[in-house]
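Down below is the structure, laid out as structure tokens.
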Amino acid sequence: MLLWSGICGLSPPRIFPSLLVVVALVGLLPVLRSHGLQPSPTASTIRGSEPPRERSIGDVTTAPPELAPESRPVNHSVTEHGMKARKAFPVLGIDYTHVRTPFEISLWILLACLMKIGFHVIPTISSIVPESCLLIVVGLLVGGLIKAVGETPPFLQSEVFFLFLLPPIILDAGYFLPLRQFTENLGTILIFAVVGTLWNAFFLGGLMYAVCLVGGEQINNIGLLDNLLFGSIISAVDPVAVLAVFEEIHINELLHILVFGESLLNDAVTVVLYHLFEEFANYDRVGIVDIVLGFLSFFVVSLGGVFVGVVYGVIAAFTSRFTSHIRVIEPLFVFLYSYMAYLSAELFHLSGIMALIASGVVMRPYVEANISHKSHTTIKYFLKMWSSVSETLIFIFLGVSTVAGSHHWNWTFVISTLLFCLIARVLGVLGLTWFINKFRIVKLTPKDQFIIAYGGLRGAIAFSLGHLLDKNHFPMCDLFLTAIITVIFFTVFVQGMTIRPLVDLLAVKKKQETKRSINEEIHTQFLDHLLTGIEDICGHYGHHHWKDKLNRFNKKYVKKCLIAGERSKEPQLIAFYHKMEMKQAIELVESGGMGKIPSAVSTVSMQNIHPKTLPTERILPALSKDKEEEIRKILRNNLQKTRQRLRSYNRHTLVADPYEEAWNQMLLRRQKARQLEQKINNHLTVPAHKLDSPTMSRARIGSDPLAYEPKADLPVITIDPASPQSPESVDLVNEELKGKVLGLSREPGRATEEEDDDEDHDGGLVMRTKEPSSPGTDDVFTPAPSDSPSSQRIQRCLSDPGPHPEPGEGEPFIPKGQ
């Protein structure tokens with residue numbers, strides 16, 4: 001009654017997960033028995049005097065195995081009549097050993113699924129504690145319950161982990177890998193994965209060897225190679241733990257791909273170091289040849305795994321070309337070829353994780369072009385489901401195996417391992433980031449460095465590698481396993497639970513949940529082509545150049561072999577537009593918005609439909625003239641500052657330009673021309689009305705030169721619209737003043753009136769000229785001795801510079817021949 005009243009007092013959101021846990025634990029009761037359902041000792045004692053009963057298998061009656069054929073009771077009356085004794089047909093029978101293995105597997109998977117449902121039903125728990133932490137706690141509780149009833153808890157075998165639980169998680173990560181972010185940051189990822197892992201392994205192994213020398217009698221017998229082996233196991237960042245934590249905090253794409261990419265690509269380093277130190281530990285003496293071979297094995301393991309993955313990816317893509325009539329089996333090829341790539345790599349002791357990633361990345365674009373939309377949906381959801389279940393089982397069995405395993409605790413060794421792991425991670429990230437930022441355009445800020453260092457989580461890969469150690473060759477493997485479990489629990493619980501509040505506290509940029517529109521995708525591709533052209537012009541071949549080369553090779557050769565039909569010949573931009581338009585149409589139909597579709601013909605339609613012409617409407621409002629002038633001024637002022645060289649750009653790597661000296665001379669001439677133009681602008685008169693900008697004037701004159709015919713009696717500026725930015729495109733035509741306007745016969749008052757009339761009626765840019773000065777004199781007006789006073793006053797008036805123009809208002813007008 002007390003239990004029932006306690007359950008009734010819970011709120012509905014808390015009752016549901018509690019019932020799920022109870023149902024799962026009740027389902028696990030048969031597993032708690034050692035070998036299925038067996039009678040209790042009391043029952044067997046009571047029935048001890050009775051002979052063993054016969055067990056029926058189907059419709060055949062068999063005698064118990066402990067009775068010999070001679071000791072069977074014989075019914076003489078039945079024998080005489082030639083009849084055999086028969087039992088009644090068994091209506092109900094129990095044979096747990098027959099279904100034990102699949103039944104227990106199903107129960108564990110059911111427990112994992114119920115736990116995931118229960119955690120997300122209570123939002124207060126899932127928002128504070130990561131799912132991986134809760135799953136480990138459930139594993140600890142289940143393992144403790146199994147051990148409390150006197151049974152041995154199941155242990156996470158390394159073969160089960162590496163062959164069945166890990167491949168789905170890596171395949172899901174490799175198949176849906178954000179390829180653009182991965183390739184743009186591949187150099188940074190490789191430095192963190194290779195150099196960072198080597199630093200952690202040797203730094204941790206060397207310091208732990210020093211600790212063992214002064215740590216006491218229990219750990220004095222651990223040698224240098226044993227400590228280096230232990231450092232190689234514990235140094236690698238675990239992809240399962242990183243995925244479980246980073247997907248919940250929704251960190252930005254850059255940090256996510258850096259940490260997750262490091263956890264994927266450090267597998268080759270971990271495998272090589274593990275096998276290398278495991279072999280060296282059995283040698284009496286390690287020579288230079290062994291070290292060189294170990295160094296070469298890194299390239300064999302990593303590049304060999306990539307090669308195996310690429311081969312299986314190409315085969316999978318080629319096979320999907322012929323599945324147009326059998327759509328049902330299309331998803332199966334993706335799973336089988338990927339899994340065979342992993343097994344083939346493990347067969348030759350290559351990196352299976354690298355093989356899975358390479359196969360998923362290579363096959364995806366070609367397979368998705370060949371298979372149907374339903375098959376693509378099946379692949380997506382099956383991979384997500386498979387990887388989620390595997391991840392849940394890994395964390396649950398990690399908790400159960402902690403209870404089931406044998407441990408050897410040493411405070412000095414365990415605490416030193418935990419402390420040195422944190423120090424090595426921080427120092428490695430800081431040092432490598434300082435080096436990487438010298439070559440990156442987008443620098444890694446101190447906040448980014450903190451998240452990268454804090455996100456170096458350890459997980460089940462280190463636990464399984466520690467469990468693989470042979471106790472005969474490594475007597476201290478129990479101590480290693482205890483230290484590994486301590487580091488895993490600290491990183492998952494402490495760092496995993498505190499990383500979300502720290503991200504919010506530091507205001508780290510989060511991932512954008514909204515997808516990019518068609519406009520953004522098209523402009524992104526346009527910018528890629530533009531940057532490729534810029535790299536070709538300056539001779540700096542970056543990743544845009546090689547990406548363009550690879551795309552051209554892919555379009556010219558690979559697509560024709562791996563993609564069926566006309567899809568291989570379709571331009572990428574048009575194919576993407578078709579895909580996005582179809583996606584939007586499907587979403588519109590599913591949302592019930594068909595009544596709002598306009599009656600305009602689609603450009604994708606294959607039918608020749610001629611609808612009624614609809615009145616064209618301007619989507620965006622027209623900009624005002626003031627706003628347009630403001631934008632032009634901003635562009636003119638800022639486009640001059642784009643002549644900057646990146647830090648990764650080195651002019652000494654370019655081919656020597658024979659025209660560089662001529663270019664420098666041209667720049668000097670332009671600088672002198674600008675100085676001359678500043679002097680000329682001082683002699684410009686200001687019209688009465690507001691003038692258009694020089695850019696608008698050039699455009700107007702270039703479009704219709706006859707409509708703006710200048711006056712014949714004034715000096716004008718002739719503009720060549722074909723090349724407005726060339727110094728030779730502007731010519732100053734000085735026409736002689738008709739009838740010697742400035743002569744003595746003209747009166748000063750009349751000259752002033754004519755000048756005012758010219759300023760009122762002129763709509764263009766007018767330049768007044770003065771008499772050329774003699775050589776060796778400056779531009780200051782000096783009257784000649786023969787000039788009359790009226791002529792001197794007129795020329796002094798004309799030489800008045802007037803008000804200066806606003807800075808940055810017009811573009812320079814450079815006279816020809818200066």
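Each Cβ is built from the backbone N, Cα and C atoms, and glycine gets one as well.
Annotated compositional bias 'Polar residues' per Swiss-Prot: 785-794, in sequence order.
Per Swiss-Prot, N-linked glycosylation site is recorded for N75.
The phosphoserine annotation in Swiss-Prot covers S599 (among others) and is backed by similarity to another entry.
Taken from Swiss-Prot, the feature phosphoserine covers S602 (among others).
Taken from Swiss-Prot, the feature phosphothreonine covers T603 (among others), and the record attributes it to similarity to another entry.
Taken from Swiss-Prot, the feature phosphoserine applies to S605 (among others), supported by similarity to another entry.
Taken from Swiss-Prot, the feature phosphoserine applies to S648 (among others), supported by similarity to another entry.
Here Swiss-Prot flags S693 (among others) as phosphoserine, drawing on similarity to another entry.
The annotation phosphoserine is assigned in Swiss-Prot to S697 (among others).
The phosphoserine annotation in Swiss-Prot covers S703 (among others) and rests on similarity to another entry.
Under the heading phosphoserine, Swiss-Prot lists S723 (among others), citing similarity to another entry as support.
What Swiss-Prot records for S726 (among others) is phosphoserine, and it gives similarity to another entry as the kind of evidence.
The phosphoserine feature in Swiss-Prot is assigned to S729 (among others).
The phosphothreonine annotation in Swiss-Prot covers T752 (among others) and rests on similarity to another entry.
Per Swiss-Prot, phosphothreonine is recorded for T782 (among others), and the stated evidence type is similarity to another entry.
Per Swiss-Prot, phosphoserine is recorded for S788 (among others).
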* Structure fact -> Across every protein chain in view, the count of C-beta atoms other than its own within 10 A of the C-beta of F161 (site 'Channel pore-lining') is 24
* Asked: Between the stretches 99-121, 411-438, 445-469, 476-505, which one has more Cβ pairs under 8 Å with the transmembrane segment (187-215) than any other?
  -> 411-438
* **Average pLDDT across the topological domain 'Cytoplasmic' (323-328), rounded to a whole number** => 90
* **Feature contact check the transmembrane segment (223-249) with the transmembrane segment (411-438), CB under 8 Å, 3 or more pairs** => yes
* Structure fact -> Most Cβ pairs under 8 Å to the transmembrane segment (223-249), of 99-121, 351-371, 374-404, goes to 374-404
* At least three Cβ pairs under 8 Å linking the transmembrane segment (99-121) and the transmembrane segment (374-404), pairs spaced 6 or more in sequence? -> yes
* Tell me the residue counts in helix, strand and coil for the topological domain 'Extracellular' (149-158), as DSSP assigns them. => 1 helix, 0 strand, 9 coil
* Looking only at residues six or more beyond either end of the topological domain 'Extracellular' (149-158), which have a C-beta under 8 A from one in the stretch? -> 32-34, 142-143, 394, 397-398, 400-401, 403-405, 460, 463-465, 467-468
* Structure fact -> DSSP output for F161 (site 'Channel pore-lining') maps to helix
* Residues of the same chain, at least six outside the topological domain 'Extracellular' (216-222), with any C-beta under 8 angstroms of its C-beta? -> 208-209, 410, 412-413, 475-476, 479
